[in-house]
Amino acid sequence: MENPQKAGPLLRDLTRAFSHYNKHNLLLKKNLKETIAFFREIRQNHSNTCSTSGPELDSGQLRCISFPRHDEDHLQKVVGCAPYILILGQDCSARYQLLNCMLGERLLPLGSDAGGACGVEGGACRRRKLCFTHGRQTRLSLALPGQYELVHQLAAHCGRWDTVPREDLEIQECEDPAQRLAELEITLHHALLQEAKIMVLPCRNVQPVEEALEDCRRGILPIILYAVSKATLSADQLSELQKVRETLPYPVCFVRIPTEPAPDPPGQRSALFAQLVSQELIGGAAGNCACGAPAQTPGKMQGILGEDLERLHRVLVPFARQVLQSQQVEATTLLNAVHCRCLDLFINQAFDMQRDLQITPRRLEYTREKEGELYSSLMAIANRKQEEMKEMIVETLESMKEQLLEDAANLEFTDIIMTSNSEPMSSKDIKVCISQIQDLIVIRLNQAVANKLTSSVDYLRESFVGTLERCLCSLEKSTGEPCAHNVTSNHLKQILNAAYHVEVTFHSGSSVTRLFWEQIKQIIHRISWVNPPSVTSEWKRKVAQDAIESLSAAKLAKSICSQFRTRLNSSHEAFASSLRQLEEGHTGRLERTEDLWLRVRKDHAPRLARLSLESRSLRDILLHGKPKLGRELGRGQYGVVYLCDNWAGRHPCALKSVVPPDDKHWNDLALEFHYTRSLPKHERLVNLHGSVIDHSYGGGSSIAVLLIMERLHRDLYTGLKAGLVLKERLQIALDVVEGIRFLHGQGLLHRDIKLKNVLLDKQNRAKITDLGFCKPEAMMSGSIVGTPIHMAPELFTGKYDNSVDVYAFGILFWYLCTGSVKLPEAFERCSSKDQLWTNVKKGSRPERLASFDEECWQLMEACWNGDPSQRPLLGIVQPSLQSIMDRLCNDSDQKSGNLEDSN
């Protein structure tokens, strides 16, 4: 090698870059393997659930949670790629010199030792492809690409060597075709080769470049180097480079190999640089900067030119790192997107399942109550309406009498052959005529009475039946069993229509209605005829008159009400029976839903969240590197906080290191990280910049999660000790309420609002931090978490909602009003945490100080009310606080008039 002493930084840094790639690739491969196993398990569990519980869950919550096949295949290809350094060049001498420079030793012959020139000057060059791999012992062999080793006597086998013999590099004229295609495998015990393989392409006279690169299209991640020994590239070489770009869509690092005369004066752009820029083979902005090009997105990566071989490491190492990282960043971004998408689906489905578990029993109970109210109301109408109905029938008959007589006189009989002069007919025909006249009267009377009866219960149909049908429709949809409960629901709706839509019963042509009409007709007194009369209009009128007078309004009313009650009772019983069947179906479904909900909360979501944390942390360390820990800022129950001067272009930062002791804590931390990372940025919350998993924490004895977040000036505890004026304290209270309201609006509970979890900037504006206990309500398991003084009584029962944050704010507001960090007397007297909890559950609260403003005291009392339902909503607390602040702080002379500091 020309300058072996200069190869140190290049070898060291390049080996480190490939080592980091391989280490990160192992982590990525492990995460991908566990992700595939997770989704396979979800799919199997889902299939087993469907097979044991019928079709209920077949179209249920977990069908959309899957690993898209094309994403999985793409990621499998990425993690399966081995890093390669591909060396191309204008001629074999330039390639060999670049290889020697990279390995730091003169392994390949140069100059006269290498034989004749290749390319345009020496067309007889027959140097074959070289492949460098790692091994414990140095050896050379010929092998067909991707196949088997050839038994061939090489010159290197005949004795000791330091430089590969020229005869072994060249294809001999007498070799058979198989040996002419074989590549020379050189095995070395070398640090760089432990991390990556190196391939030197053959002379173009031996094999065209596109054929030589064909084996590199799959399963490798190439770092492409092109050695340039001339001032510019020829047209054939540019064409060759175009084929390289078509075969392998990766950027190329061009390396100028020094020749005897200096090609260009120092500090000037070379002709080669201008040519490469014009051909869009390198980026014009990057130039030949010794520091390397800035980070670029994978799709926008460009080649680079290194014009100084002695300073090659300053160009090649950043270039190699960029190529290696870009693919891994893309892969981790894709994998994390799959994790986050499915995790969000899990959380949303947990909300849906929790709501289903809460609302379905209420809907069933509501349906039962409403039907009972409807039944009672209609039965009351049937019982009290009989006398009214009798009067209504009499009034109806009186009002309709003349019209009925007129219609009867003009009635045209059916199925009776009438004579032209209305002569007397047989007794049989006369009976038919009388029956038709009676039918006319009964039908008209039925219509009139039915319309009036319907109007009397119309408001009940609108109030009850519509609501019942909507409830039934909702219950039907939530069963997920169209073959079973859908029929029951439809039957229930048919019963409702038949029983309660009164006009349908009266107006339909059903057998029930015909029976009803027959019963009414039996009330009419039979008319006997001695001699068959002449069927004239007067006769028809007389028959109708007698029929109307023979009707008994009392019996008719009694019959109608009796029918109404009978149908009502039977419908009520059928409804109750069908509702019980529907409830039984829902009971089994809800049991399975609750089991699935528990699995989502306890197993599925936490496991996926851990995979998401790992993929996101891997992406962050690829993009921004591992953060440097500064001085310790503080310690908490679950971690240590350090200063971090700069990370990801943000400074200063705070770094919280958490060492989860077991899988449960890992999963909890991962879920909490997901909730926090998913939150939109808000000025009242401390920003979380990213995370890194440190596998070497504590000298490699444990694994720590490093959470990098926004650095603020101090916490509220320190601020109160230092002294804050009233206006600042009230503004802090407003800021905290605004932050809690935002969290609640995102469906999250903080569960640990306290002085040390409120940070202040240099203007003493507050931000909420430490979302360690932050969770959506649907994902809570009822665990007892928080700081004892700020914990609401219901937290000890495990059943609570977001009002626990209102309680905690009430305690925090007490401290803000006192202006000190001194414990309330009721809490200071407690000798242990258990005694404190007992007193809080019994109703012990902070005392009122003489300096407190009345409105402030009322607000904090309302916030820490023992009954969660009696605590004010934060939407009410915020304007109340603003009103207090306006009243107490508008006039600077009154800032301390109504509320004095007690410290």
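A Cβ is built for glycine as well, from the same backbone N, Cα and C atoms used for every other residue.
With Leu633, Gly634, Arg635, Gly636, Gln637, Tyr638, Gly639, Val640, Val641 listed by Swiss-Prot as binding ATP, the candidate from Lys626, Lys656 annotated for that site turns out to be Lys656.
Range with Swiss-Prot annotation coiled coil, chosen from 151-183, 382-414, 844-876, is 382-414.
Leu633 (ATP binding site) is 20 Å away from Asp752 (active site, proton acceptor) when you measure Cα to Cα. Taking a C-beta cut-off of under 8 angstroms and a sequence separation of 6 or more, Leu633 (ATP binding site) has the following same-chain neighbours: Val641, Tyr642, Leu643, Ala654. Other than Leu633, Gly634, Arg635, Gly636, Gln637, Tyr638, Gly639, Val640, Val641, Lys656, the residues of this chain whose Cβ falls within 8 Å of the Cβ centroid of the ATP site are, in sequence order, Ser657. Within 10 Å of the C-beta of Asp752 (active site, proton acceptor) we count 22 further C-beta atoms, all protein chains included. Across the residues the record lists as binding ATP (Leu633, Gly634, Arg635, Gly636, Gln637, Tyr638, Gly639, Val640, Val641, Lys656), the two Cα atoms farthest apart are 14 Å from each other.
Sequence-distant neighbours of Gln637 (ATP binding site) (same chain, 6+ apart, CB under 8 A from its CB) do not exist here. For the coiled coil (382-414), the mean pLDDT of the prediction comes to 77. Every protein chain shown contributes to the tally, and the Cβ of Val641 (ATP binding site) ends up with 19 other Cβ atoms within 10 Å.
Counting neighbouring Cβ atoms within 10 Å of each of the binding-site residues (Arg635, Gly639), the lowest count belongs to Arg635.
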